[in-house]
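Some notes on the structure that comes next.
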């Protein structure tokens, strides 16, 4: 019986060890912002000044908290960066393409990791309900990556409290101001770098839809990983429980034959005593 209890306790401890990585992935995601953001200046210098990048954005409003603005902007940056990355596939001049591709790929990874830290599934209803706040525009690289840097700054500001703050819009939401785009188009200084021959043609609808699927697919990758860990843990617990029950059933019935043998031995002693008494009585009668 003690061995069966020890086996069940061991399986329970293994279950806790398997669930530990799941708790860690849900409670902490580390720092998704790496030093690769320092290469943005080089990338902006490599892209033509008149190149336009499409982005759906939400203008800053007093009634929209910064951490909620972050939830609205990050998925759109992920889509735009995926589209930008795909456009380098069709470029024949490979002089600066590899460098630019590497930088954009690193920035895409950062924004995707950041999106995983934001618990996108938790606030997707908030994003759907406030889709009317989006405006679509085409930005030159300088202004596009200024917005990108602003998004990174907001994340750093609220990184420790994002899990605690839910996005709830007030009953009355102000409309985006007309001069909001003016704030976006302020110039910033980047070091001049030779511009590459990146073409400004748009990708076909199939390529665009594929990149959107990739962006959306990453959103659910973290949740799928958590589900797989949870299922593995539950399966191990079930197997451990079944093995414990089988072991207990095999060891427990062994105690019954022992008790039967003991009972039989007691019966034999009583019979022997009775037979001895009977013999003594016979001898006494004979005498």
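Every residue, even glycine, has its Cβ placed from backbone N, Cα and C.
Swiss-Prot tags one of the stretches 205-225, 226-246 as transmembrane segment, and that stretch is 226-246.
When the recorded positions 68, 100, 106, 117, 167 are compared by Cα distance to residue 149 (N-linked glycosylation site), the shortest distance belongs to 106. Across the topological domain 'Cytoplasmic' (247-287), the prediction's mean pLDDT works out to 68. DSSP assigns residue 117 (disulfide bond) to a helix. The recorded positions shown are 100, 106, 117; of these, the one with its CA atom nearest the CA of residue 68 (disulfide bond) is 117. Looking at 100, 106, 149, the glycosylation sites in this record, the fewest other C-beta atoms within 10 angstroms of the C-beta turn up around 149. In this structure the alpha carbons, written CA, of residue 167 (disulfide bond) and residue 117 (disulfide bond) are 15 Å apart.
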